[in-house]
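A.B. asks: What Swiss-Prot shows for this protein is this:
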{"type": "SITE", "residues": "Pro77", "note": "site 'Important for tRNA non-discrimination'"}
{"type": "BINDING", "residues": "Glu163, Arg206, Ser361, Arg365", "note": "L-aspartate binding site"}
{"type": "REGION", "residues": "185-188", "note": "region 'Aspartate'"}
{"type": "BINDING", "residues": "Arg206, Ala207, Glu208, Arg214, His215, Leu216, Glu358, Gly406, Ala407, Glu408, Arg409", "note": "ATP binding site"}
Amino acid sequence: MTSPLKRTLTRELPQHEGQTVKLQGFVHARRDLGGVQFLVLRDVTGVTQCVGSGLTLPLAESSVEVVGKVKAHPKAPGGFEVQVEDFRVISAATEATPVEIPKMEWNVNPETMLDYRVVTVRGLKERAALKVQAELVDAFRAHLRGEGFTEISTPKIVSAGAEGGANLFPIDYFGHPAYLAQSPQLYKQIMVGVFERVFEVAAVYRAEEHATSRHLNEYLSLDVEMGFIEDEEDVMGLENRLLASIMERLRATSQAEFELLGATIPDVPAHIPRITLMDARQLVTEKYGHPVGGKDLDPEAERLLSQHFAETEGSDFVFVTKYPRAARPFYAHPELNEDGSVNGEVTRGFDLLFRGIEITSGGQRIHDYGMLMDSIAAYKLKPESLEGYTEVFKYGMPPHGGFAIGAERLTAKLLGIANVRYARAFPRDRHRLTP
């Protein structure tokens, strides 16, 4: 029979010393020493030790109810234990878990961990990572609302890609070809004409056949777009403030999770260092002997560049600016020459590196209709496939720009998680559709 007492959470026990409380949660661990039974109960706020006699303990992960008196105990988790007066099994586990949830480190194949993700995600470290991400996303929303942004929701079934048609998942839309959205980019820009400052928190889909520790085919994208800017510096300034606000929130809400995972919350400089892509390539080549080819920085170059700024400026963050046109999509605003003419080689695009990995791409976008149509032609795209997007630029779009942060990448780097898949509850990569 359910106790009439109101439920108490484990984190509230210090407020109830000497009182009788009701706890509800999961059997995290158990020991039977003959006449005395020890039960570690886990709820959403933590774990606590419960001690009783004559108890028949169910299998681990069973959900249970404990009624008992709170007593200070220096060796118990959290410094308190509950002396059991009444015990009830709410829902019994029917078989042993494939891994021992209480273990802080599991010596099993990483793929096995994901195969049994519905259970392993209950682990304290796994739960902590997702809790940090939830706080991060909430802080993202709160800061942007404070700066006058409006949250929007854009289609995830689209007729064309935001980045030229590559890396799209095709679907059959009632007999018509369609795709899963790889980015809300085009809709974000359209909505600048409505709310001026917008953001979205939503999944995006990339049909990229990567098998790396930094890529997912479905991930949570934190997207921002703002109008009436001067140039990309306004956008980088916003992201600088946003990240500082997020870290401040994490210090207030998530210290326990960071301590559990052995991670530290970074300081965000008042002015995150900037370096142009060309200078970054030269620095990495000359200082570290790592030649950089292609149109972007490779992963090792990102790591070395981050190392340089951590050592020389004490910053875990660095903006890499002035990306070449070949490395940016058609809507990236070109740099202008001193005479005001268009520089056909360089854009006002940037990336943000954090602890050795890119977590953001952003920049100023083209807002002039003629320039946009010229860019679409230069990229050899079909104008008719983008008419729903380009139409709005006939009607006074302001200078605007924005960025997107990959929530899982940021979470993984914050917490020292080696593979981005473990920063998502149920990851999707090129080999995984379940659970």
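Cβ atoms here come from the backbone N, Cα and C positions, even for glycine.
If you look at the structure here, what lies around each of the features I listed?
C.D. replies: Taking the Cβ of Pro77 (site 'Important for tRNA non-discrimination') as centre and 10 Å as the limit, one finds 17 other Cβ atoms among all the protein chains shown.
Close to Arg206 (L-aspartate binding site) in the fold, though at least 6 residues off in sequence, lie Asn167, Gln182, His215, Leu216, Asn217, Glu218, Tyr219, each with a CB less than 8 Å from its CB.
Across all of the region 'Aspartate' (185-188), the predicted model scores a mean pLDDT of 97.
Arg206 (L-aspartate binding site) falls within neither a helix nor a strand when secondary structure is assigned with DSSP, and so counts as coil.
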A.B. asks: Say you check the Cα of Glu208 (ATP binding site) against those of the recorded positions Pro77, Ser361, Arg365; which is nearest?
C.D. replies: Ser361
A.B. asks: Looking at the recorded positions listed here (Pro77, Glu358, Ala407, Arg409), whose Cα lies nearest to that of Arg365 (L-aspartate binding site)?
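C.D. replies: Checked the recorded positions Pro77, Glu358, Ala407, Arg409; minimum Cα distance to Arg365 (L-aspartate binding site) goes to Glu358.
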A.B. asks: I need the most crowded of these binding-site residues: His215, Arg409. Count other C-beta atoms within 10 angstroms of each C-beta and give me the top one.
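C.D. replies: Most Cβ neighbours within 10 Å: Arg409.
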A.B. asks: Going by DSSP, how much of the region 'Aspartate' (185-188) is helix, how much is strand and how much is coil, in residues?
C.D. replies: 4 helix, 0 strand, 0 coil
A.B. asks: Could you check what DSSP calls Arg365 (L-aspartate binding site) once collapsed to helix, strand or coil?
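C.D. replies: The residue in question, Arg365 (L-aspartate binding site), is strand (DSSP, three-state).
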